[in-house]
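Remarks on the structure that follows.
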Amino acid sequence: MAEQKERTFIAIKPDGVQRGIIGEVIKRFETKGFKLVGMKMLHAPQDLLEQHYIDLKERPFFPTLMKYMTSGPVVAMVWEGKGAVKTGRVMLGETNPADSKPGTIRGDFCIDVSKNIIHGSDSVDSANTEISLWFKEGDLCSYSSCAASWLY
Ligand code: IDP
Ligand code: MG
C-alpha cells in the first residue's frame, strides 16, 4: 500500500464563513498544490469544540472562544500533501492577525485574535487527532485510483 501522505485539518471558522471567505481559502490551498480529501459544513456542537480546544480549557478566553465557534456553521476540511501541516500554518499566518504578514490568510482577511477566521493543525500529531475527531475514516477520499501520478 502506498505511504499515507501528510494531512492537515483546516477549518474555516464562523466569521470566515459569514464573510464569504470559503472560496478564497480553498483556492489558496488548491493552487498551492494540496489535495482536498475531505470537506463538510456543520454547526459544530459544543462537546466537539471542547475536545478540539482541550489544551485551551483553562485559558481565560475559553468561554468566548466557545461562543465564537458555535456562533454559526464552520467548514471543516482535510488537505493532503508534502509538508501540509507546516506549510498550512505558514499560509494561515500567526494566531494574532496583527502579527500576520500580508499574503497570509489571517494577514489579508482579519484584524482581531478573537475573530481570526481559520484554524490549522499545529503539528502532525495534532492533525491526526483533529482529523479523527471531525471525520470518520470512510469520509475521506483517496486519489490512489487516479491514473496519473500526482505532482505533489
Ligand atoms: P492557533 O489557532 O493559531 O493554533 P491557539 O493558540 O491554538 O492558536 O488558539 C486557538 C484559538 O483561540 C485562536 O485561533 C483564536 O481563535 C483563539 N485565541 C487564542 N488566543 C486568544 C486570545 O488571546 N484572545 C481571544 N481568543 C484567542
Ligand atoms: Mg492551535
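Each Cβ is built from the backbone N, Cα and C atoms, and glycine gets one as well.
Here TrEMBL flags HIS119 as active site, pros-phosphohistidine intermediate. Residues or ranges marked as ATP binding site in TrEMBL: LYS13, PHE61, ARG89, THR95, ARG106, ASN116. What TrEMBL lists as domain 'Nucleoside diphosphate kinase-like' is 5-142.
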Quick one: Cα separation, LYS13 (ATP binding site) versus the residue listed as 'active site, pros-phosphohistidine intermediate', in Å?
7
Hey, which of the recorded positions LYS13, ARG89, ARG106, HIS119 is the loneliest by Cβ count within 10 Å?
ARG89
Whole-number Å only: compute the distance from the Cα of PHE61 (ATP binding site) to the Cα of the residue listed as 'active site, pros-phosphohistidine intermediate'.
16
DSSP on HIS119 (active site, pros-phosphohistidine intermediate), three-state: which is it?
strand
Cα separation, ARG89 (ATP binding site) to the residue listed as 'active site, pros-phosphohistidine intermediate' (Å, whole number):
9
Those residues of the chain, 6+ apart, with a Cβ under 8 Å from that of THR95 (ATP binding site):
ARG106, VAL113, ASN116
Confidence summary (mean pLDDT) of the domain 'Nucleoside diphosphate kinase-like' (5-142):
97
Over all shown protein chains, what is the count of other CB atoms within 10 A of the CB belonging to PHE61 (ATP binding site)?
11
Please list the DSSP helix, strand and coil residue counts for the domain 'Nucleoside diphosphate kinase-like' (5-142).
65 helix, 28 strand, 45 coil
